[in-house]
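As written in TrEMBL, here are the features:
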| type | residues | note |
| --- | --- | --- |
| ACT_SITE | GLU216 | active site |
| ACT_SITE | CYS250 | active site |
| DOMAIN | 19-437 | domain 'Aldehyde dehydrogenase' |
Amino acid sequence: MSTSELVYTPIEEIAKIRDNLRAGFASGKLKSNEYRKYQITQLIYLVKDNMVRFEEALSKDLGRPALEARMMDIIPTISEAVTQLKNVDKWTKPTRPPFSFNFFAMRPLIRKEPKGTVLIISPFNYPVWLTLAPVAGALAAGNSVCLKPSESTPATSALMTELVAKYLDTDLVSFVNGAIPETTRLLELQWDHSNGRVAKIVATAAAKHLTPVTLELGGKSPVIIDPKCDLKTAAKRIMWGKVVNAGQTCVAPDYILVPREFQETFVDALKEVYEEFYPDPAKRAAVPGSYSRIITPQATERISGLLEKTQGKIAFGGEINKDSKYIAPTVVTDVKADDSLMSEEIFGPVLPIVPVDSIEDAIKFVNERDYPLALYIFSQDNELKTKVFNKTQSGAVIANETLIHPGADGLPFGGVGPSGYGMHTGKYTFDMFTHFRASMDSPSWIDYILKFRFPPYNTSKENAVFRLMNSLPSRPTGPPSTKGTGKWWGKWFILALAMAVAGGLTSRSKMTAA
């Protein structure tokens with residue numbers, strides 16, 4: 001099957017598309033949960049009916065193997081849409097806040113209402129999932145949607161544009177295709193919510209209209225290695241997380257922190273896994289569809305430039321073919337903090353190994369840098385894992401796994417600080433596109449109870465106001481200890497109690513004997 005050609009949207013048409021989507025939202029079609037579910041079901045079959053075409057498009061754009069296309073882009077999109085479909089009725093129901101004696105008679109309620117017409121700007125690296133999966137959540141919440149996919153994946157973007165027009169109501173879901181001029185025009189318009197990876201540009205443009213924004217960005221996601229980890233499992237999962245999509249994943253392992261004396265052992269394990277994954281390197285390099293390619297010549301040049309400038313040692317890999325945008329999976333050892341490979345997110349299949357003196361030094365290294373989108377720790381030691389969890393900050397913190405947490409049912413996917421803000425997937429996507437509208441319906445007779453709120457004021461009314469205050473906690477006598485002494489005090493108390501009981505029994509036995 002042939003893939004469609006990407007046609008950029010004329011600049012003068014963009015405002016008309018936005019206005020048509022607003023009219024579609026105002027029509028009230030999506031006030032019906034049944035129509036929302038119909039559109040989401042159509043979205044599911046849009047992807048399901050055209051899996052082979054999506055695989056072909058992803059191969060053309062990214063050189064992606066068919067299995068990776070299904071596993072990382074196509075199936076997750078269908079799964080997300082099915083989750084939204086199953087929960088539309090449940091999630092859209094009004095909910096009551098926790099019981100409050102002061103306000104329960106006013107019938108407080110939280111209504112779930114759509115934000116309106118929303119804008120989704122998606123990146124190139126997972127162009128199906130990061131474009132169409134959020135549409136399911138936006139439709140479940142009752143919004144109309146404008147989509148701006150990446151121009152760097154023209155075959156996939158063109159295919160999605162073609163299929164959305166065929167399967168979905170274009171008064172509710174439409175595409176704008178293009179590059180910087182088209183995106184700039186989109187951001188000049190007012191939207192009711194927007195998201196995207198153009199970060200500061202999107203946030204600045206949205207601020208002019210006070211538009212809420214969700215930004216899923218990236219950063220340098222570190223991996224901390226405990227020498228007592230399951231070595232084979234760690235090497236296999238880290239290498240897989242780095243080679244999928246040729247490392248072009250926002251939560252791909254970006255660098256490894258490993259105790260200095262364990263570096264050689266760990267690199268040997270990585271190399272063994274690498275050779276298992278790719279027993280025929282020549283085929284990987286020459287045959288499209290066996291290993292993904294870098295998205296553009298410019299990106300290939302950027303990554304190869306970082307590799308050329310490194311002061312570390314290439315342990316294996318390092319082959320580059322700029323003409324075919326091919327960079328082999330590459331591990332670099334003895335990388336220092338100021339190395340070129342540590343200067344920015346790599347977003348490619350190059351994995352620096354940074355030796356450290358201890359796990360404490362690894363934690364310090366992470367904390368001296370921007371909060372990452374993901375932080376990985378490989379260890380069988382629960383106390384060590386807890387220490388890493390508690391002493392660091394990141395969008396997600398994952399033990400003994402890489403890459404798959406964005407697809408885990410029920411978990412939010414999002415960053416913190418420079419790695420982004422807001423969250424999505426599942427219920428979090430629905431909430432992202434939902435306005436939680438406060439509602440009350442106060443009866444007339446309440447004024448007999450709350451008459452003190454009306455002027456003229458007097459001492460009796462002032463005293464009545466204080467009775468509305470919730471009961472207060474006891475006043476603290478001083479700050480609590482932050483040194484963890486409570487844990488040890490508890491152990492010593494139990495020991496002292498046991499000794500006291502034993503002493504008492506001994507005394508009693510002596511008295512009895514006497």
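Each Cβ is built from the backbone N, Cα and C atoms, and glycine gets one as well.
In this structure, the C-alpha atom of CYS250 (active site) lies 9 angstrom from that of GLU216 (active site).
For the recorded site, GLU216 (active site), the DSSP three-state label reads strand. The average pLDDT the prediction assigns to the domain 'Aldehyde dehydrogenase' (19-437) is 93.
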